[in-house]
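Noted in Swiss-Prot for the protein shown:
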SIGNAL    1-20  signal peptide
CARBOHYD  ASN52  N-linked glycosylation site
CARBOHYD  ASN65  N-linked glycosylation site
CARBOHYD  ASN123  N-linked glycosylation site
CARBOHYD  ASN172  N-linked glycosylation site
CARBOHYD  ASN183  N-linked glycosylation site
CARBOHYD  ASN189  N-linked glycosylation site
DOMAIN    207-372  domain 'Peptidase M12B'
CARBOHYD  ASN218  N-linked glycosylation site
CARBOHYD  ASN219  N-linked glycosylation site
DISULFID  CYS279-CYS367  disulfide bond
BINDING   HIS302, HIS306, HIS312  Zn(2+) binding site
ACT_SITE  GLU303  active site
CARBOHYD  ASN350  N-linked glycosylation site
DOMAIN    390-464  domain 'Disintegrin'
DOMAIN    465-506  domain 'PLAC'
Amino acid sequence: MHTFCILIPTFLVLVWTTESARREKQQSNDISFVKRKVQDGLKFSRVIKYTNETIQGMKTNFNSNKTQELSLDVLVVADFLSYQAFLEMSNGDSHRAIHNLKEYLHALFEQTKIIYDGISFGNETLHMVFAGTWIATQERDCPLWISWAEEEEERVLNEEIRRLEEKERDLNSTFVDDTFFMNSTDSDNSSTDALISSDMPKKLRKFVDITLEEMQENNSTEMTLKIDSKKAIDKFTIWLKEQTGLPRHEHAVLITKFDLISINGNSATQGMAYVGNICENGDSSSVVEDIGAGLTSLIMAHEIGHSLGALHDGAYETAECDSNDNYLMAVAVSGSADRQSFLNSRRMSNCSINSIIENLKEPTANCVKKWKTKKGKDVSQKDFIKKPGELVKITRQCQVAFGPTFIPCLHIGYFHEQSICERIWCSDGESDECQTLNYFPAFDGTECGYNMWCLEGSCVQNTKKWMDCKDINSKTCSKYSTSKLKHYCKSKDFREICCRTCAKKGKIY
């Protein structure tokens, strides 16, 4: 009984003391942290108090060692058809096929990264980070896998469409509403804007995308399998949301050998993405038809641009930017002998840049903004990163575009080492006929001469070679004058002996 009477007032005193302390803490706006430690079964507590000045100092110290940058982690996914194509190129060796395909996907990413490294968004650059790859080695694992029920449903739908078309021809009439709908989803038409206006829900902002003029009809799998482009992006989005074991990423790109078909049935569409849905789970994605190497990476960069918030140049909201200027976000990208037009294909117009800057201000795009610890420039690490053309040689670039038997065209009328940087010509090895695509530049880093490689469509000196080779006899190599080296370094045998010396002087040969 006595214990009960004693405990009550003690309890009340404790409550009053805690409440009083809370009020005092609120008034002073000080923050206290309790550090607890257990040693030999005994618990110790240490209260550490911080004032506003202390906290501000901590923030200052934190920020002084940190910097915010734009960074995007990109996952590259290959479908089953892509795997089959590389299996054929690897003579049925599955291990080699997977290895080669991984290198190809990495090369596509590196080329896309190079493109974005050259674009400034205000005072910032968007740094692409390679999140990894995922390859569908079985048909059932493919993100675009179509079940028997879906195939039957599509067959019935196609039959119905053909029936309606025949009826339409018989009646010699036009369905205005259907025509408008077809136009408003097909990237060949300016009225695409109807589905991407700012007052539309994001889920409806789907973009049937980039088209390429005068495309070759055949490539490594002859594009015999087709899929509706809208269905492709929808299936890929659902697939991404269902997967639990994928590498962590903020945008996913599906590389497919399916021929992407627009709603009106043509195959000019080469990619599709949601507009402005960067960072959104599953919706931050794009589907890219694998036309071939440098061209595929350009489409990939284009689609990521849409996801970041860019519209097509020349659209209603971007009317001041002419699509004919051939910038990255043009409706149709084409190859051109004009140097500036070629360079524009790797740049963004002011309209695209401004659209992306505005979209990145949205809270939904916060995943792109990251705090990084300040570090000194590590030039050596950057120098040792392989360029896409080092990962995938020119022969493989031909094979991906046209088939496993194709090699670079050596016909004197087509082949000039330096010209491959802007356009590669290929032949199947059994005929003199050479083929190319309307836009088919070599990957950056593709060899285009002795100690030369392709950068931005130009064949330039490969300074990286200086680090990769050494003179066998440096004393002998250093005794020759520049005029003599100019002559001697043309010899392959001499170059092998004086590799580093000839590499340094390579620009004069």
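Yeah, the Cβs are placed from backbone N, Cα and C, and that goes for glycine too.
This view paints the features noted in Swiss-Prot onto the structure.
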residue	record	DSSP class
ASN123	N-linked glycosylation site	coil
CYS279	disulfide bond	coil
HIS302	Zn(2+) binding site	helix
HIS312	Zn(2+) binding site	coil
ASN350	N-linked glycosylation site	helix
CYS367	disulfide bond	helix
Cα proximity to HIS302 (Zn(2+) binding site), best match among recorded positions ASN123, CYS279, ASN350, CYS367: ASN350
Cα distance (Å, whole number) from HIS312 (Zn(2+) binding site) to CYS279 (disulfide bond): 20
Candidates HIS312, ASN350, CYS367 (recorded positions) - the one closest to GLU303 (active site) by CA: HIS312
Nearest recorded site to CYS367 (disulfide bond) by CA-CA distance, among recorded positions ASN123, HIS306, HIS312, ASN350: HIS306
Within the domain 'PLAC' (465-506), residues counted as helix, strand or coil by DSSP: 29 helix, 0 strand, 13 coil
Cβ neighbour count within 10 Å of HIS312 (Zn(2+) binding site): 29
Between ASN350 (N-linked glycosylation site) and ASN123 (N-linked glycosylation site): CA-CA distance (Å): 14
ASN123, ASN350 as glycosylation sites, winner by CB count within 10 A: ASN350
Pairwise Cα distance for HIS306 (Zn(2+) binding site)/ASN350 (N-linked glycosylation site) [Å, integer]: 14
Most crowded position, judged by CB atoms within 10 A, among CYS279, CYS367 as disulfide-bonded residues: CYS279
All-chain count of other Cβ atoms within 10 Å of HIS306 (Zn(2+) binding site): 29
Other C-beta atoms that fall within 10 angstroms of the C-beta of GLU303 (active site): 27
